[in-house]
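Quick notes on the structure that follows.
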Protein chains: 4
Amino acid sequence: MSYQNPVFIPGPTNMPETLRKACDMGTIDHRSPVFGKILHPCLDGVRKVLKSEQAKVFIFPSTGTGGWETALTNTLSAGDGILAARNGMFSHRWIDMCQRHGLDVTIIDTPWGQGLPADRYEEVLKADTGHRIKAVLATHNETATGVKSDIAAVRRALDAANHPALLFVDGVSSIASMDFRMDEWGVDVAVTGSQKGFMLPPGLAIVGFSQKAIAATMTGTLPRTFFDIRDMTKGYDANAYPYTPPVGLMNGLKLSLDMLLEEGLENVFARHHRIAEGVRRAVSAWGLELCAVSPDLYSDTVSAVRTPDGFNATDIVTRAASEYGMAFGVGLGDVAGKVFRIGHLGSLTDAMMLSGLATAEMVMVDLGLDIKLGSGVAAAQDYYRHGSGTAAKAAA
Amino acid sequence: MSYQNPVFIPGPTNMPETLRKACDMGTIDHRSPVFGKILHPCLDGVRKVLKSEQAKVFIFPSTGTGGWETALTNTLSAGDGILAARNGMFSHRWIDMCQRHGLDVTIIDTPWGQGLPADRYEEVLKADTGHRIKAVLATHNETATGVKSDIAAVRRALDAANHPALLFVDGVSSIASMDFRMDEWGVDVAVTGSQKGFMLPPGLAIVGFSQKAIAATMTGTLPRTFFDIRDMTKGYDANAYPYTPPVGLMNGLKLSLDMLLEEGLENVFARHHRIAEGVRRAVSAWGLELCAVSPDLYSDTVSAVRTPDGFNATDIVTRAASEYGMAFGVGLGDVAGKVFRIGHLGSLTDAMMLSGLATAEMVMVDLGLDIKLGSGVAAAQDYYRHGSGTAAKAAA
Amino acid sequence: MSYQNPVFIPGPTNMPETLRKACDMGTIDHRSPVFGKILHPCLDGVRKVLKSEQAKVFIFPSTGTGGWETALTNTLSAGDGILAARNGMFSHRWIDMCQRHGLDVTIIDTPWGQGLPADRYEEVLKADTGHRIKAVLATHNETATGVKSDIAAVRRALDAANHPALLFVDGVSSIASMDFRMDEWGVDVAVTGSQKGFMLPPGLAIVGFSQKAIAATMTGTLPRTFFDIRDMTKGYDANAYPYTPPVGLMNGLKLSLDMLLEEGLENVFARHHRIAEGVRRAVSAWGLELCAVSPDLYSDTVSAVRTPDGFNATDIVTRAASEYGMAFGVGLGDVAGKVFRIGHLGSLTDAMMLSGLATAEMVMVDLGLDIKLGSGVAAAQDYYRHGSGTAAKAAA
Amino acid sequence: MSYQNPVFIPGPTNMPETLRKACDMGTIDHRSPVFGKILHPCLDGVRKVLKSEQAKVFIFPSTGTGGWETALTNTLSAGDGILAARNGMFSHRWIDMCQRHGLDVTIIDTPWGQGLPADRYEEVLKADTGHRIKAVLATHNETATGVKSDIAAVRRALDAANHPALLFVDGVSSIASMDFRMDEWGVDVAVTGSQKGFMLPPGLAIVGFSQKAIAATMTGTLPRTFFDIRDMTKGYDANAYPYTPPVGLMNGLKLSLDMLLEEGLENVFARHHRIAEGVRRAVSAWGLELCAVSPDLYSDTVSAVRTPDGFNATDIVTRAASEYGMAFGVGLGDVAGKVFRIGHLGSLTDAMMLSGLATAEMVMVDLGLDIKLGSGVAAAQDYYRHGSGTAAKAAA
């Protein structure tokens, strides 16, 4: 009698049944031509989702964290300089990885809830006249705070400084859900995973390398084998992998890409925006505020909701799970206990989202918060509903 | 991007994934002992759900309609008298079947929305001093109107008339969701299907025969082969079927029974009641009324909601499907266009139900009904929520 | 560690995984337009498999036995004359059904292993100058004996007698595996099920009615409701069913039809013939004989293999199941203990068939039969193998 | 009409349907207690399969190659000495990985087809009086040659030299299929994956660390983050992962472990041995030889079969796939074109194996090899069959 409710964690997402069935595949010979018919559509489709003409795409049996490591170890050498802003748990972790790999990170500490400060990036890059900095890290969507940053602005910072550093972007919780423009933004390595916008189980690190990033692999001396894109490149050219590929998950990815591209990326993004905006209206109706400090930063995949001082936001997540069988996300790191997170990405309908909002309301009332039952739901309904609903009017 | 929302038709229901996986079974030899390990737990488990010690259970690859035909053709002969009240589409159809099989039906026409009139049954039975009436039909839960009738009262009518007629009960939309007491109520044939309280795909007619009903199969002369329980009996005794059994569905039924009995029938009924009561509170908050005319008749599996005069209730169902991808039930027969139906049986959570109520509200507002968004949801939330919610207080 | 081997019972067959996934479908509203997109392709596709331009197809949640009952009860009246030959268990059972429905059957008893005697049909029909006989039954493929009969010859018998009786054909174990020509052979009702040539789970009776058979439904007075094609017709016209349709199974049927028609019916038949011929070569190499008495009668879907006198053929089936986890078919009725049956229909490859033959050999040697291990396998391999294998030469 | 045949590649293996269904799991919150109920049974069960009391088990979303990298990067520092024998493609690749990570490998080149030379290990270790060598690599089962080596003998070599180096064992194609004794053999890191003996899809690196290996993680300075067992340890203690865990695959692993331990490891090994021995009898009947040069080296999970000089063994694999839809393994590296490989591990029955042997025979005859159809099958049947079959006599 369980596992029936949708989940509202910020990934892994709810999965369409067709994708689950595509992943649940019998064993094939991954050294046979059949595998090529799964591999190449995956590579091509991801490139389209990245909005890139020139990127080389690599798919590892791993996770987004492995994707970060792929970016670093293929292009950099011990002691290389890195520039990164830290505005949440995931940007923090990528920085930590750099340090553990012997890279020298210049950290721009940024209050959680704010976006990446492009102006600060520009200052540091301009000051780095010796080009000690080899790569700039940017987290497109901070899953911990629900903050979407302006990657084009980071690119402009690099350009303004006329700095040759590579631009690495963590798009784990944005790619395939929110607009991402690898070529236009001059992204050198884009990192994502299977379990967010692609609506698949976890298990794939999906990365795109620009030609410039690929060139850097010739000089990078950090040790690497599992994540070495040179072996991958050699394999792909022969329809193969340097080790056993995750065939079923890739078969799911192939279908996911078909679905996304058939729906149209802009429609996918609009759908995410619409559902997210309904959530934001609900939050506002509850009299609560988002962690993200201004509307331009609002993420369309996850909302981190601040709860009143003295209230432990994690209680909401715990109680939703134990009493109502529904999963939300806890606050992490600096905002642990201060926010709870509502994931609203991937395979989701208005009706499913409303069940999440309605459940959150019950939990908050149970816990004594001054929330009116139905208030957030009504605000979201008013936005979602067709006819003369707000979203419809906005779209008109 | 579809098929994600739960359904709110009054069956087939939402299915637990474990049951779907149990049904999705590879081919086995249905003449091997393995089949017996599926068959007999099904028969035993259904008997428990029927609350019978003595019934023989039969499972046909068919539907509830086939179950009705099983009841009639195994026990009756052309020209036999039948007594039945007609208070909805499903009681109507069973009567029609009797007539097509050459049975002579005394019909007690009853306004749709009312329950079976036990006093009228008693009158007719007392008047039938020659015992021309061989069977009494009773629809436990009229799926068309959301009306639950009092089967014990029908039994008392038979007893008061000291009448030997068999009592056949249609429990298609009640059994395994609402209390059903085959032995205590003296039911001679109980009929149900796989796709309601058992939360399975359609495809099984499930019937229980009392010893008295089995005895009647010796004298009944209506032609029958596919639905002949004598062949079934002979087969079951040898772990077999007279034809190819629906092994996968039966494997699902076996697991469904395990789940229901492990949860406890009374808990299953209480769960249905709780979810149903939340729906009724929402209906009331909308200012609407149920088709069922009094609280003692309210069904815990389906609510038929009357819409205002001049409004076509079917528009709600049509628009919910086309605009929101959600399925409700239309009104049938006498109440077509006057009611829409909300199914709330089978595999369902409070959160899922709230998504149905929230969607119904959006549709009704879209269509110009004077409904306040969030109002029904709030009423249901207030009932559903734990802590000091109404249901919790009621349970305390 | 079980259920891994293919099955070699004469149905239900091994199922392609894609079909199982199509059947394993979440709940949809069967009263919505979505259902029509499953229903009508099923009806159209079956018509093509029947090689009919004019037939009306009906699909019941039932089995082939229910299909037989559909044929009889829709077109006939109590006391009507029937002509049928009995040459196996399944022709026997259909005759028995006729008798239980009050029909008056003229039985042409025919030794099991022989085909339907068209000359005897002709004699009886010519003698029936009063046209007391309303329907002629013909079992296209006797699953019990592995005998395929000549339906065109039965039609010629009717024509030679200039007799107006309807021709009902049981094609349960032939249709979609062996050539079947409803229009060309003048078949009035064709009966099959989901679990044989369609490679689906059991649970569907699939019938085709000629216009002449449909006309007969106006006069037939046998009682019927569940199997009444008038209700079905009315339903189909409105994209609906008179009761809850087996949506998942029908979704599987839709895909099965796509697969069969894409492969091409003649290719499907040739595939069945090729696999069957390999089995027959193996049987011959074992020094055993088929129940079917002459090559023109050999069924391409099932082979009934005679074992030596004094040997209980059923022991083979029992031991194969208990020791090797493999399912073959026992002998039924008159040939119980005298034959075991190898099903070779539906979703099957040469390699799978060879595993069945190899296992049968081990079992027979275990049981003391004078069989050389590998002998039957080698004979089948020689036929199956490409290059200059016999089947390849035959096809060339 | 495809994907029906079993595969005979040396992994990924044929998968039991129950495991596939366990992997095909809806999304749960991996930060909730539910995840701990999957994680810990996996860790405990793997420890039992490794026959270790003291090992710490780690499970990464990766492959066996990632497991190798886990072993190296957690315990070693750039420039550390490694001792390894190279007797096949997989030992070669692990050595290559060492070199790419800046380790200094002493390579004992060994002809492909031979086992690891424990005596040579001992010589080198005795000569390394300065203990420059920090780790010894040993490939338990060379998947490329079908050679099983004696790990206990390698341990004795270490002990005879009284050398403190760590012992790392690649058990990717042995663990859970052949006897593996982590504690008894003094293995410090054991590496395997999900797609071989565990009968799951690829996607998991599964490693066991001895306490001595864990101690070495304090001093090892190779950069690592994704594969860092310190993060994993911290995570596991909190029922969590340092990144998104592959929940579905782990749910499958949990069930796989239950199945293996219920069957009993010794029974699992005996089953693999029996099936493998049948294959070897078939190879012998064909007049061919294994790549493995002596019976003590014969692998029970994969047989590499040498074909006659001048014949391209890869043609067998190509033709089996294109003409018969069956997958075998090609020769790799030094033995490319000289051998083809028959995988016989994981979820397999005698009957399935016979279908592989029968198909291989057809292919070889097609290609002009002097093989008698049925000969290998007969030899395997004679071994497999019960009653007085050879395997039965051997077991008696």
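The backbone N, Cα and C atoms fix where each Cβ goes, glycine too.
Feature annotation from TrEMBL assigns domain 'Aminotransferase class V' to C:35-316.
Under DSSP, C:K196 (N6-(pyridoxal phosphate)lysine) is assigned to coil, being neither helix nor strand in the three-state scheme. Taking all protein chains in view, 29 other C-beta atoms sit within 10 angstroms of the C-beta of C:K196 (N6-(pyridoxal phosphate)lysine). For C:K196, the entry in TrEMBL reads N6-(pyridoxal phosphate)lysine.
For C:R341, the entry in TrEMBL reads substrate binding site. Reduced to three states, the DSSP call for C:R341 (substrate binding site) is strand.
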What's the CA to CA span in angstrom from C:R341 (substrate binding site) over to C:K196 (N6-(pyridoxal phosphate)lysine)?
15
Mean pLDDT for the domain 'Aminotransferase class V' (C:35-316), as a whole number?
98
